[in-house]
Amino acid sequence: LLRLPCTPLQDMYFYSRSFSIDYKNNCFQKDGKPFQYISGSIHYSRIPREYWKDRLLKMYMTGLNAIQVYVPWNFHGTVQGVFNFAGDRDLEYFLNLANQTGLLVILRPGPYICAEWEMGGLPAWLLQKPNIILRSADTDYLKPASEWLAVLLTKMRPWLYQNGGNIISVQVENEYGSYFACDYNYMRHLHTLFRLFLGEDVILFTTDGNTDKEMICGTLEGLYATIDFGTDTNITAAFIRQRRFEPKGPLVNSEFYTGWLDHWGDKHASVDTVKVSKMLGEMLSMGASVNMYMFEGGTNFGYWNGADHDSRFRSVVTSYDYNAPLSEAGDPTDKLLAIRDVIKNFRDIPVGPMPPATPKFAYGFVTLQKVCKTLFICWSWLSVKAGLSLCYVNCVQYYGFMLYRTTLPRNVPEPTPLISPLNGIHDRAYVSVNGVYQGLMERDTALVMNVTGQQGDQLDILVENMGRVNFGSYINDKKGLLGNLILGNDVLTDWSIYPLDIDTAVANGWLQAAHSGSAMEAGDGPMIYSGTLKSTGLAWDTFVKLNGWTKGQVWVNEVNLGRYWPQRGPQQTLYVPGPFLSATQPNNITVLELERAPSHRRILFMDRPQLNNTGQKT
C-alpha cells in the first residue's frame with residue numbers, strides 16, 4: 001500500500017538540473033534519478049552568522065543531504081515596508097553556504113511559520129489594524145503579506161534547483177489545518193502568488209498534523225500534501241492518512257520531532273534517542289523522505305521567543321535547544337551519532353571527521369552595580385537624553401516593555417485591591433507607587449494585588465511583553481495594558497504611556513553614562529545593573545548563570561541574550577556565543593532585573609549549560 005519501487009524515468013528528455021515528483025513510482029526525481037531526502041531543520045535567525053558554516057558542515061557530515069529552513073517575516077520586516085536582508089538576516093548568504101557545503105534546501109517562507117517564534121513569524125505591526133483576521137483572505141492581512149512574498153520570492157527564484165541553486169521544494173503557509181480560519185480562498189491566493197514568482201517547475205507543498213481535520217483544511221489541489229509526526233505515532237497509520245490526501249507520490253514526514261520545546265515552568269523536554277533512531281530507520285526503509293525537526297535549535301535571542309495559549313498563556317523559554325542532535329551551542333550529541341549510524345544504512349556518509357564542539361570557557365564571576373536607584377529614575381534621565389516623550393494613542397513599542405503612569409485618585413492607607421477586571425495585563429506588570437515596588441500582576445494567573453498610598457501618588461505599571469502567541473487561534477496577541485485597572489471601587493484613567501526602548505539605551509552606552517558611580521544596595525522592583533567582563537585574550541562560547549536573581553533580561557555588549565527566569569525554570573543559564581564577546585576589549589554587561597536582585601549582585605560565566613533545573617513556580 002505504502003511503498004512502490006522507485007526507478008529512474010525512462011526514455012524521457014529532461015534538463016540537466018531538475019527536481020520533480022514521480023507519481024508513477026511514488027518518489028522524488030532529482031535530475032531524472034530517484035531521490036530520497038534526509039533533512040534536518042535549522043533556523044538561521046536563531047544562530048549567529050559567524051556559526052552558520054559550522055552548523056551546516058556538522059549537518060552535512062552527519063549524512064544529511066538537505067536542510068529545511070523557515071523564513072520569519074518579522075525578522076526581516078520589523079518595520080512595515082522596510083525589508084532587512086543584511087548581517088544575521090542575510091538569507092542568500094546562508095543559502096550559498098549551504099550550497100557550498102553540499103546541502104539542498106527545503107524552503108518554508110510562510111508567511112506564517114509557527115516555529116515557537118514571536119507571533120509565528122508575523123510582524124506585530126499587523127495588529128495596528130484592530131479587526132484584522134490573520135492568515136486569511138482579509139485584505140488588511142493579504143495585502144502586506146503579498147507585498148512581503150513578492151520581495152522574498154523574487155530573491156528566492158534564482159536559488160531554485162532548476163535555476164542552478166539548491167532549493168528543491170517550497171512550502172506554502174505552514175500547518176494551516178491547525179488554524180480556525182480554514183480559508184481556501186487564502187490558500188488559493190498564496191498558491192497563485194507562489195507560482196507567479198517561482199514559476200511552474202518548483203515543487204510546492206503543504207505540511208499538516210496527523211489528523212483528518214488538519215489535513216482537510218491545510219491541503220489544496222496543486223500543492224503536494226505532506227504530514228508531520230513524532231515518536232509517539234504509528235508510522236503506518238500516519239502515512240496511510242497522507243495517502244488519503246496524496247494517493248500517489250513520495251511519502252514525506254516534513255517534521256519528525258527529535259525533541260520538543262520548553263515553556264517557563266516546564267521540565268526540560270527530552271525525546272528518547274533510541275526511539276528517534278529506530279523510527280527514523282523504519283521510515284527510511286519505507287522509502288520515505290524525512291526532515292528532522294529540529295536538527296539544530298539555537299536560541300531565542302532578544303524578544304524573539306513565542307508563546308502558547310491553551311488553558312492559559314505560556315511563554316517559550318530563551319533556549320531553543322529542543323533536545324536536538326546538535327545542542328543549542330551547536331555541539332554534536334549522542335543523538336546525532338545514533339542518527340548518523342542509521343543514515344549509514346541508506347546513503348554514503350561523507351568521509352572525514354565530525355567538526356568538534358566550539359571551544360567553551362568559564363570566565364568566572366562578574367559583580368554588577370546598580371545603575372540608578374530605580375528603573376523609573378533611569379528612564380526619566382534617558383528620556384531627556386534621547387528626546388523621548390510620552391504617547392497617548394497608537395504607541396509603537398512592539399517588543400519589550402511599556403510604562404503606564406497615572407496617580408492614585410484617593411488615599412489608600414490600608415492594602416487595597418488593584419484589579420485587572422478583563423485580564424488586560426499582557427503579559428506581566430510590575431507595580432510601583434512613588435518608586436516603591438508593590439508587587440506584580442500576571443496574565444491569566446495573578447489579576448489582583450494590593451497597594452497602599454496617598455492621593456496624588458505616582459502609580460507606575462511596567463508591562464512586559466513575554467512574546468506573542470505563535471500557534472492556534474490566539475495569535476492576534478496584543479500587548480501592554482489592554483484596559484483600565486480598578487483600585488478598590490475607582491476606575492483608574494488618565495494614563496501616560498512611555499515606550500521603553502532599553503535596547504537602544506544599551507547600544508548607545510547611555511546606561512553606562514547614567515551610572516551613579518556609588519555602590520547602591522540591591523532592592524525590590526525593576527532595576528538596571530551593569531558591570532564588565534574583562535578581556536582574557538579569548539572570545540569563546542560561555543553560559544551566564546544568574547544564581548539568586550529572579551527574572552529579567554541580559555545584554556552582553558550590544559546584544560540582547562534574552563530572558564532569564566531561574567526561579568520558574570527549567571532554563572538556568574543563557575548561551576553567550578563567542579562572536580558576541582571581545583577578546584581584547586572589556587565586555588559590557590547589562591542586566592534588567594524586574595523583581596529582586598540578590599545582595600551579592602554576582603553573575604557567573606560557565607563553560608556548560610544548565611537547562612533542566614525546574615525552579616519554584618512563583
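The backbone N, Cα and C atoms fix where each Cβ goes, and this holds for glycine too.
Predicted automatically and left uncurated, TrEMBL annotations should be read as such.
In sequence order, Cys114, Thr207, Asp208, Gly209, Glu214, Gly218, Asp228 are the residues of the chain that are 6 or more apart from Glu175 (active site, proton donor) and have a CB within less than 8 Å of its CB. TrEMBL lists Glu175 with the feature active site, proton donor.
Positions annotated as active site, nucleophile by TrEMBL: Glu255. Long-range C-beta contacts of Glu255 (active site, nucleophile), restricted to its own chain and to partners at least six residues apart, with a cutoff below 8 Å, comprise Ser41, Thr207, Asp228, Phe229, Asn291, Tyr293.
Annotation source TrEMBL lists domain 'Glycoside hydrolase 35 catalytic' at 28-345.
Across the domain 'Beta-galactosidase 1-like first all-beta' (395-501), the DSSP tally of helix, strand and coil residues reads 0 helix, 56 strand, 51 coil. According to TrEMBL, the feature domain 'Beta-galactosidase 1-like first all-beta' maps to 395-501.
Per TrEMBL, the feature domain 'Beta-galactosidase galactose-binding' maps to 526-584.
If you average pLDDT over the domain 'Glycoside hydrolase 35 catalytic' (28-345) in this model, you get 98.
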